Amino acid sequence: MKLPRHPSEYFQNPKTFAMEMTDSILSELGISHTKKTIVGNEFVRGVSGGERKRVSIAEVIATQACVQCWDNSTRGLDAKNALDLVRVLRKSAAAEGKSIIATLYQAGNRIYHQFDKTIVLAEGKQIYYGPASEAKPYFENLGFQCPPGVNISDFLTSVAMHTERMVRPGFEGVVPNTVDELQDRYLHSDLYKRMMQDMAEKDSLVQETEDSSPSFSQKEDLYTASFAHQVWVCSKRQIQITRGNWQSNILQVCSSLVIAVITGSLYFDLPNNSSSIFAKTGALCFPVLYFAMTRMSETTASFSGKQIISRQKRLALCRPSAYALAWALTDVPIIAAVFSLFQIIYYFLVGFERQANKFFICYLFLILLTLSYASMYRMIGAWCRHAGFAFQINGLITTMFLVYIGYMIPLGYIPVWFRWIAWMNPAVYAYNAIMANELAERKITCIEPQLVPFGSTYDEDQYRGCSVLGSTNGTVIDGEAFISARYWASKKWMWINFGILVAFWIFFTLMTAIGFEINVHRDSSQKILFDHRAQVKEVAKLRDIERAEASRDPWKVTTSSQRQVILTFKNLNYFVKHERSELQLLRGVSGFVKQGQLVAIMGTSGAGKTTLMDVLAQRKDTGRVEGSILVNGKPQGISFQRTTGYCEQNDIHEPTATIWESLMFSARLRQDYSVSDAGKEEFVRKIMDLLELTPYQHAVVGNLDSGLSIEQRKRLTLATELVANPSLLFLDEPTSGLDAQSALQVCRFMRKLAEAGQTIVCTIHQPSDSLFETFDVLLLLSKGGRTAYFGPIGQGSKQVIEYFSRRGGECSPDVSSAEHIVNLVQSSEDIDWSKEWLESNERAWAIAELDKLNTNFLKDQRTNSPSLEDKEKELRFATPIYYQVLLVTRRQFMALWRNPDYVWNKILLHVTNALFGGFTFWKLGNGTFDMQLHLMAVFNFVTVAPGCINQLQPLYIRNRNIFEMREKNSKIYHWFAFVAAQLLSEIPLLIICGTIVFVGWYFAVGFPIKGSVSGLVYLEMLLYECLYTSIGQAIAACSPNAYFAALANPIVIGAILINFSGVVVPYSQIQAFWRFWLYYLNPFTYLTQSLLEPVVWDLHIQCKNDELTSFKIPAGLTCGEYMAEFLSSNPGYVVNPNDTTSCAYCSYTNGSDYLESLNINGSYYGWRGVGITALFCISSYGLVFLMMKLRTKATKKVDS
């Protein structure tokens, strides 16, 4: 994509150049082995996290930009990989003349020395710019002192911080004290003048070049590749993405196959007669709806793709419009392939015309419709800046297009004021076209019961009539006349509809391209949201405790409630299943942690640092653990996870909560229930003071775009564990992503905790010497999870350095001790450091000390019986279950309240459904077709479920991920409390939404105002709100991720619940296999019955003129006399009983006649449906509880 502007000067074959450049970059970054491996994400397994970081770096290097800016690009890389990256940049700058600017956190000296110049900023002001080699002497000459072993970069950033800098003896009154003084010293220095002179010379050279080469200043296109080439390359990449994401494609194909079989069997082998004519139009409509609705996820995909598009636009790789066009073009083969099996199975199961041209015409229109809808939903995402607003528009358009497709309410019956919506709906043109393709040329036989009258005495067809529109005589229905009269469809418009669909697809694609060009942006500003109402309350509260705050020592940590904890582990082995064998990740690791010790676990990437931490903290729920882990000489009890703090590397928090709420939530549920709430508040305030979170206590956690910064999140993660007052604290990479001063502050804080009696185990990436020396003990792991060293670090890292020096691993004075030993273990080929450790005296001492600790505790256990306090601590959870439910539900209420996208989107869906449903079925009459419209009005209300379910499932799964990844492992609360909170927190919103729909829809449709009827319907509508919510959560509970749930929704909601409820296909026409069990096990069956029966049962039906079935009668009889026998055993009436030439027959007399055709056989079906719906709500929620129980696995303990 990023080729040189003048190819002939560099290479002959662009493809060869691109391949060679790619291989070179991958090799320099050490990721050549990942060339054929997918990148992956949290759901798709791919390269490792560090390798994924280097892939992003490689993409930037491949742009060959003359000026490159790297912002903390080494974050997440170990020292060796970080150094390799900087060396690549150094080589690029030297060999190719590129200008490179980089900001780096915690850079070692070997990394620092790769740079030519350094800029030091403090409070936005420049206090140094000059050669990197002169920076340290410059500040030393000002009077600052660089301690031995401190990285130069750390020294430079410390000079502007009074708490960190050191002053040389004799310079106490001379050294600059403020940032302004530091800036003034620099501006008046000889170095500054030299730098300005150097810049002036370069500026004059640029001006001379521009004057001598006018063409050089001409503006060139940012993109070196042509637009057509960009589209071609983006298309190839989109195909590669699809091929790499084969699991999702298989799931999609399997989902479509299941739906094809289930729905096809529902409409199995429909005959060519009047009994199936309406079922056939429904069978034609279903794939139109299904193919279109499967593309709703494109809105989400467009937002996910914006990050990539924005990045590649900034790198001038390709235009967003090229990406959009390529996306649309690659849709064609992908959609055609994914849905081909569906079309084959469904088409022939239903029994459509078995002619090749009709099959492929139907397939063509369905594919074209799917392409149009895919581009339309993608367009919505492209033009909307906020996902919440896009989903609101998405739900609004989906609801409108679903109603106005022409099946639920034919085009001729749509109110004039809404008919324009139908003509804007691509599905209308596809539906009319495939209906004309299937039915226009057919001659359909009219049979009983549509052929009336029928019976043993009515055997002459000339004296009978067909009740279906389009019948040319008593027994034959012309397909063209039927679809024209009922649906406004015609064969002559079929290919016109094809052209309209193509125009829709092109229009939506072009609008998507324009939307991506305009709306792809990068909001780099960090926004912190505050809960201002809580701030106001806090101001009033602080007035009462101000004096107490002033007298409190923020560094005094209360440990009276902490018991002595000593952790020992011996010969730990950890295995995970890998294909058909086991992969060993830890091999014979041993060690111990005494009370008040600060233990560092270090090692190369992939050595097993986090794995060891997870095993020690009982966080693994898969694999097999061997060895022993003892706490105070005893195996880890059931309260171990609750009384242990674990700070994960990923900062996982409820994004809608404030810092204060997050910490109080943890303290209330994890500290002993006997501790008063006031005591917990006081403890939380103390921890916030320690971590300097008090100024942000009412800030909402949010996300990285609008919420706490990375550093603040790290502090919050640590505080969340500390407020639990744990006896043992595990921290996984607590300094990752922090600058040197923040990292040092965190380590010093951990040192304070250790000195106060806290036992701490911490994994850490390549710390500086100042950070490294805050730890007491080092556990160093080599590749394969083997121990390379365990023991004290010593003053100035003396003991650990001496250990390695005695074995040939001398450390240079200018190299960081921690960096040296990790690189030594990683790169040494001559010495097996794990073997050296096994044969060392240091290991023998460590094992002896470990055994001694365990022996001493065993002696104490024999002489001392466990106290009541110890027994109370052996509880799995610190608080009772009802208290957990109360607090978790309260938090979930607040989370919903602070999620306006979710709340307003749900309300908007219900308002839209109510208004469009009410005004579409405005004041229904009492004709025979009005009975069908009554049913469709009820069905329209039911269609609110898919949109609401699609938005509640990602929220449920996000909350479940927070629970499973952090809160479950910490034993904060029980899984029962989680599910109960998800259930209870939705109820107020469901009542509001149900009331909105009832008020806006019920009375507009013209249903009875009578209290016994309207009250029953209102109650059932509220139950339905709970029903679809419980079903949606049940599907989410059974799904590993939101994508799987989105694929399962059409199967459960569409193919099963809606199709087999007796609405789409009447009870009598459902295949026997399904009718006698699935129909009765379907909650939507009873939902429809309870909503329809009260409003229709007592309704008197009066046919309109076009709804009457007219036919001649034999001479000598009146219409009443001729129809008397038929009417004695069949519903309906004749409007002209005294006529002697013809009869006009109406199919139904009362609403009960119509309802009996739907298997609603009594006036009690309404209340019966309410009761059964309530039972289904309970059972659906029961399934959510059951699935959560099955998902909650016990963590792995050592095998005894």
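All positions are counted from 1 along the displayed chain.
Note: Cβ is positioned from N, Cα and C throughout, glycine not excepted.
Under 8 Å from some Cβ of the transmembrane segment (250-268) lie the Cβ atoms of residues 279-280, 282-283, 286, 290, 294, 338-339, 341-342, 345-346, 349-351, 1043-1044, 1047-1048, 1050-1051, 1054-1056, 1059-1060, 1065, 1070-1071, 1073-1074, all in the same chain and six or more residues away from its ends. Marked as transmembrane segment by TrEMBL: 250-268 (among others).
Summarising the annotation, TrEMBL assigns transmembrane segment to 322-346 (among others). Sequence-remote contacts of a segment are chain residues at least 6 beyond its ends whose Cβ falls under 8 Å from one of its Cβ atoms, and for the transmembrane segment (322-346) they are 227, 230-235, 237-239, 242, 249, 252-253, 256-257, 259-261, 263-264, 287, 291, 305, 309, 312, 359, 362-363, 366-367, 370-371, 374-375, 378, 382, 505, 509, 512-513, 515-516.
Annotation comment: TrEMBL describes 358-377 (among others) as transmembrane segment.
Sequence-distant contacts of the transmembrane segment (389-410), counting only residues of its own chain at least 6 positions beyond either end whose CB sits under 8 Å from a CB of the stretch, comprise 281-282, 285, 288-289, 292-293, 296, 299, 303, 376-377, 380-381, 418, 421-422, 425, 427-428, 431-432, 486-489, 901, 904-905, 908-909, 912-913, 916-917, 920-921, 933, 936, 939-940, 943-944, 946-947, 951. The transmembrane segment annotation in TrEMBL covers 389-410 (among others).
Annotation comment: TrEMBL describes 495-516 (among others) as transmembrane segment. Within its own chain, the transmembrane segment (495-516) has Cβ neighbours under 8 Å at 302, 306, 309, 320-321, 323-325, 327-328, 364-365, 368-369, 371-372, 375-376, 378-379, 382-383, 426, 429-430, 432-433, counting only residues six or more beyond its boundaries.
The domain 'ABC transporter' annotation in TrEMBL covers 567-808.
Among residues of the same chain six or more beyond the transmembrane segment (933-952), those with a C-beta under 8 A of the stretch's C-beta atoms are 293, 296, 391, 395, 398-399, 402-403, 408-409, 413, 902, 905-906, 909-910, 913, 916-917, 920-921, 924, 986, 993, 997, 1001, 1005, 1021, 1024, 1028-1029, 1031-1033, 1035-1036, 1046, 1049, 1053-1054, 1058, 1063, 1084, 1087-1088, 1091-1092, 1095-1096, 1158. Here TrEMBL flags 933-952 (among others) as transmembrane segment.
Sequence-distant neighbours of the transmembrane segment (972-1004) (same chain, 6+ residues past either end, Cβ-Cβ under 8 Å): 666, 669-670, 877, 879, 881, 884-885, 887-889, 891-893, 895-896, 903, 906-907, 910-911, 913-915, 917-919, 921-923, 937, 941, 944, 948, 952, 956, 959-960, 963, 1014, 1017-1018, 1021-1022, 1024-1026, 1029-1030, 1033, 1181, 1184-1185, 1188-1189, 1191-1192. Taken from TrEMBL, the feature transmembrane segment applies to 972-1004 (among others).
The transmembrane segment annotation in TrEMBL covers 1016-1036 (among others). Residues of the same chain lying 6 or more positions beyond the ends of the transmembrane segment (1016-1036) and with a Cβ under 8 Å from any Cβ of it are 941-942, 944-945, 948-949, 952-953, 956-957, 960, 982-983, 986-987, 990-991, 993-995, 997-998, 1002, 1007, 1042, 1045, 1048-1049, 1052-1053, 1057, 1083, 1087, 1090-1091, 1094-1095, 1166-1167, 1169-1170, 1173-1174, 1176-1177, 1180-1181, 1183-1184, 1187.
Under the heading transmembrane segment, TrEMBL lists 1042-1065 (among others).
Marked as transmembrane segment by TrEMBL: 1165-1187 (among others).
A Cβ distance under 8 Å defines the sequence-distant neighbours of the transmembrane segment (1165-1187), meaning residues of its chain 6+ beyond its ends; these are 976, 979, 982-983, 1016, 1019-1020, 1023-1024, 1026-1027, 1030-1031, 1033-1034, 1037-1038, 1083, 1086-1091, 1093-1094, 1097, 1155. Mean pLDDT across the domain 'ABC transporter' (567-808) comes to 85 in this model.
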